[in-house]
Amino acid sequence: MKVDPNKEKALAAVLIQIEKQFGKGSIMKLGEDRSMDVETISTGSLSLDVALGAGGLPMGRIVEIYGPESSGKTTLTLEVIAAAQREGKTCAFIDAEHALDPIYAKKLGVDIDNLLCSQPDTGEQALEICDALTRSGAVDVIVVDSVAALTPKAEIEGEIGDSHMGLAARMMSQAMRKLAGNLKQSNTLLIFINQIRMKIGVMFGNPETTTGGNALKFYASVRLDIRRTGAIKDGDEVVGNETRVKVVKNKVAAPFKQAEFQILYGQGINRTGELVDLGVAHKLIEKAGAWYSYKGDKIGQGRANAGKYLTENPAIATEIDKTLRELLLSNPSALAAKADASTEDNVDLETGEVF
């Protein structure tokens, strides 16, 4: 298609003017942006990293993780922090709920000595701290726990029973407008944990909604819905949860995928169990009866023993993880081949059998 040379000259002139005024890279042709391959941080779950499409949560973006109580929201964010710290990144945790357990965080691999933590008095203070950390360019990951606990100053200073309609929504809307651009500039990942509420009078459709208004829904590049779907038992004792995460929104890859994994109490995401399941599904690990083998060598009888072997041999676990990431991230639809047990059933920790 023939382009008017006068238009080309005018466009070149205005692009030079914009870059001179606002800095290099402030405007460019989309095809020339070589940074479209987004930097990511692992969630701690291989299947969730694959479901996200990019291999983890994207840097420089806003992410919302929501779900019912005790579904694993904080655990998932602590796994992200631990993964980021292993890469030498600086992380901050804004504990608006005043409920962060440092002992549990340490068990998940979080370096609590180097984790920045704030327990703000008001929602405005929490969001101002987020903005200051973001603009510094020195913090890579910020977690806010939770949006529901970000109480506006006017509500705290008022009386119980006073009406404060829309205050939290306005506060979040203003904060999102301010934070979004700064996060992109500083390449900081900001994760909001959110709670679920029920809409009154909804007869058709989903009555569930999240707190804090609609601004976060629009500004978030990724939204994850996390649910507990079953119990993991060791004998009669419940030792963990079967967990399902749905990618409700995704601006960096295809949305609406889901991942299933186990969260063990006091240990976090069961990575080795996930490696065993995915390894068998994609024929990296052989299964004959109850025995599991890798490259001809038996690694354990029963899923739990195979997982224990991988825990004791991290080099082999890393090798399997790397191979699976190369396979699944180049072909995300391959994840659908994983044969999961029904999420409505309980799973025996020792044998992996449904009961």
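For all residues, glycine too, the Cβ spot is worked out from N, Cα and C.
What Swiss-Prot says about this one:
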type	residues	note
BINDING	G67, P68, E69, S70, S71, G72, K73, T74	ATP binding site
Cβ-Cβ distance under 8 Å, sequence separation of 6 or more, same chain as P68 (ATP binding site); the residues meeting this, in order, are I196, R227, R228
If you skip the near sequence neighbours and keep only those at least six away, which residues in the chain come within under 8 angstroms of S71 (ATP binding site), Cβ to Cβ?
I226, R227, R228, N241, T243
Around the Cβ of E69 (ATP binding site), how many other Cβ atoms lie within 10 Å? Please give the count over every shown protein chain.
8
So how many other Cβ atoms are close to G67 (ATP binding site), meaning within 10 Å of its Cβ?
24
Sparsest-packed of the listed binding-site residues (S70, G72) - C-beta count within 10 angstroms
S70
Simplified to three states, DSSP reports E69 (ATP binding site) as coil
Relative to the Cβ of T74 (ATP binding site), which residues of the same chain, six or more apart in sequence, are found under 8 Å away?
L100, D145, I193
I need the neighbours of the ATP site defined by G67, P68, E69, S70, S71, G72, K73, T74. Which other residues of that chain put their C-beta within 8 angstroms of the C-beta centroid, in sequence order?
I226, R228
